[in-house]
Amino acid sequence: MSNELKNGHPAPPSTNFLRGIIEADLVSGTYADRSDSQGQPLPQVVTRFPPEPNGYLHIGHAKSICLNFGLARDYAGRCHLRFDDTNPEKEDQEYVDTIIDSVKWLGFDWNKDGQTHLYYASNYFDVMYAGAQSLIKSGLAYVDEQNAEQMRESRGTLTEPGKDSPWRNRPADESLRLFEEMRDGKHADGTLILRARIDMASPNMNLRDPAIYRIRHATHHNTGDKWCVYPMYSYAHPIEDALENISHSICTLEFEDQRPLYDWVLERLSDAGFFKKPLPHQYEFARLNLTYIITSKRKLKQLVDEKIVSGWDDPRMPTIVGLRRRGYTPEAIRLMCDRTGASKNNSWIDYSILEGALRDDLDPKAPRAVAVLRPLKLIIDNFPEGQSIDCSAPVYPPAHPQHDSEHRHFPITRELWIEREDFMEVPTKGYFRLFPGNKVRLRYGYVVECTGCDKDENGNIIAVHCSYFEDSKSGTEGSSNYKVKGNLHWVSAEHALAAEVRLYDRLFSDPHPDAGGKDFLQALNPNSKEVITAYLEPTLKSAKPGDIYQFERHGYFVADRIDSTDGKPVFNRAVTLKDSWGK
Ligand code: ATP
Ligand code: MG
């Protein structure tokens, strides 16, 4: 895939430091000669995408998916899809299903060499529990009886060390017994907690005896009521990685301070015989921040709950299901992710990079069609009433292999629809479309000369008149005798397909809708959706839900996959032909 940016956007850095790390590991053989528990050889690069099934995936997740699956693909490795479902309250099967669909739709696959690498962290609860028991026995974990507030108070600050809990040195036997009681449901939520015994004076706050297991009397979507103790993310995640033989565990920068704890857990459990070396290693990259969108699950949910959008798959949502419904292709999303690379520094990526990727993907492949969005009647006075003449145009753009072979056909008749903006009674300077006395070509049809217009009693223009030149038809010899500047699209009024078209635009008009604690609801773009009835080329009657076209001069439009019915497509504007923002 090319990294060159069209549409006049400056190319963002497309470096990917993770490749450098992987290549160095391949050279030094860090993960060579490994085998799994069945003795099967393991690839040297094993990555994972670990979503928590508590919401819909968004464009930020796509970045992580493309990185993890992309690196595995490029280095003959494999990537696991792992549901990080260690938090019983917020997780749901609905989310598991949509995440599976979205990853597949993006074009990635967790099957490799006949094996399916789809995992649930909750299937590892037994190992996590046994690991915790083992840490307790070695004096590396203890059951604390302080409440959340006391723990917070004794944690210290960045400049002051923390204070030991009164329970820090309790005998291992006692902690072991209490931990079992926690598991057996003998204690209420929040009354006891298992903490790693590391260093209350560590300059890294994450190492000041972090909590690793807590009590939650809650039903889990996968394990039901089997457990009432659940591991904390920072304890569970390294174990999940090690059990799956992950080599490169890639996450976002917020987890950088957690890496020492990640390593601590793995080192201690490997000393105890739980895991073999080499152990997985965590690497952090800067999360994708796109202007004009928000990616907080909580805020996206608010947009849905308050009916500001029609649902998670509203075409203005930055969710994968929303982008898909909007007309985004997996190729475009992957292209955007490739072009923006992976970096160690947080920065903003302009939304136009995403739109540019969609245009670049669709331009060479989207079939062309004609749509009149803001219709005005054009009457060809010297065209015989009741007659229609067949016109044709290539379905595909010149770059497409089927450009010459496939043609679409549509009739020209005496009355047509043209765009309102293609006529001016009194032309402004440089205007070369229709005005009285001017000639233009009706694309794929004839050259016409404008003769005037009709107005209603309020002076509004309701129809334009012209006459056509019979020998000027596109594709015939005579056509070259006419030199005109304007080239207008049109549809036959009698044959046009009247269809609902939704003109979508950015949901927010502020490039940083929720930055600095701003109320993102104040930043909504009031013009993010306009619904019109447009007149479409009759061939579009056969458009199937999900089909994407370039409507000539207007942009890319997709037949809505939910609301289109047989013979009656509804179209969504995915993106205009040119970027009109920030100009
Ligand atoms: P939560 O607050 O619920 O944890 P999350 O966005 O981190 O939200 P996860 O399901 O934990 O959701 O994310 C799965 C993976 O996607 C994680 O590895 C996370 O780092 C990554 N990810 C999430 N948002 C982005 C982003 N904007 N850019 C890159 N990666 C992201
Ligand atoms: Mg997360």
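All positions are counted from 1 along the displayed chain.
Glycine too: its Cβ is placed from the backbone N, Cα and C atoms.
Feature annotations, reproduced from TrEMBL:
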- 44-347: domain 'Glutamyl/glutaminyl-tRNA synthetase class Ib catalytic' (DOMAIN)
- 51-61: motif ''HIGH' region' (MOTIF)
- Asp84, Tyr233: L-glutamine binding site (BINDING)
- 294-298: motif ''KMSKS' region' (MOTIF)
- 366-468: domain 'Glutamyl/glutaminyl-tRNA synthetase class Ib anti-codon binding' (DOMAIN)
- 488-560: domain 'tRNA synthetases class I (E and Q) anti-codon binding' (DOMAIN)
Outside the motif ''HIGH' region' (51-61), six or more residues from its ends: residues with CB under 8 Å to it: 83-85, 87, 90-93, 95-96, 98-99, 102-103, 221, 287-290, 293, 295, 297, 300-301, 312, 317-321, 323, 333, 354
Helix, strand or coil at Tyr233 (L-glutamine binding site) [DSSP, three-state]: helix
Asp84 (L-glutamine binding site) in three-state DSSP notation: coil
Average model confidence [pLDDT] within the motif ''KMSKS' region' (294-298): 94
The motif ''KMSKS' region' (294-298), counted residue by residue under DSSP: helix, strand, coil: 2 helix, 0 strand, 3 coil
Neighbour count (Cβ, 10 Å) for Tyr233 (L-glutamine binding site): 17
For the motif ''HIGH' region' (51-61), residues assigned helix / strand / coil by DSSP: 3 helix, 1 strand, 7 coil
